[in-house]
């Protein structure tokens, strides 16, 4: 048996390179081809309605989200306005009662205390409920365990001042109270204004609200005039016929009466 000659080191090391060269040559000589994905093509051709519905649903969801955010913004603004009005009402009531206005620092401290976590320091229990719709927002706060003794010290000093100062203190309180606006009845309008208003109303009534043109209105007037003349002629003809018939009948009766005599 003949044995093949052993390969040299160079042949062994370059043997892989020959395989790579042959693979590259095969790829270069390969003809390009296009492969169709029938499943993807079918889905694209039959999915127009589905994609359209998906886009519409996405638009609806975005519009709903925008409306929700706008509603939340309106609620926040309404709450801020209610807080502002409540603060103004408290100030006006305290001024009317002759008490000092609460400073801004105290308000800020109260807000900070409210923001802090943990149980409230006040003994009174408050229950807050909100009722809202598209146009209005109402906040109802119910305070339980009301202690009227907490208000007595404020009015005790007030009474002592009244006794000491006499009649001067009530005058000062009256000056501090906001002056009520005089109730003036609305005066009736003058005769000239009334006449102008009446003339204006009459002119508005006279204005034609029809959509007819001038020629159509003229034609309508002519047809109405013809109809009236025809009615008048018919009425005159009836009257003339009735009188002639009545005269003949009366004459016949007279003739018969003469014959009898």
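Just so you know, glycine gets a Cβ as well, placed from its N, Cα and C.
Quantities reported herein were computed from a predicted structural model and do not represent experimental measurements.
According to TrEMBL, the protein carries these features:
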type: REGION; residues: 47-261; note: region 'Disordered'
type: COMPBIAS; residues: 55-88; note: compositional bias 'Basic and acidic residues'
type: COMPBIAS; residues: 101-116; note: compositional bias 'Acidic residues'
type: COMPBIAS; residues: 127-136; note: compositional bias 'Acidic residues'
type: COMPBIAS; residues: 185-194; note: compositional bias 'Low complexity'
type: COMPBIAS; residues: 206-239; note: compositional bias 'Basic and acidic residues'
type: COMPBIAS; residues: 240-250; note: compositional bias 'Gly residues'
type: COMPBIAS; residues: 251-261; note: compositional bias 'Basic residues'
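Residues in the compositional bias 'Basic and acidic residues' (206-239) partition by DSSP class (helix H, G, I; strand E, B; coil) as 27 helix, 0 strand, 7 coil. Helix, strand and coil residue tallies for the compositional bias 'Basic and acidic residues' (55-88), in that order: 34 helix, 0 strand, 0 coil [DSSP].
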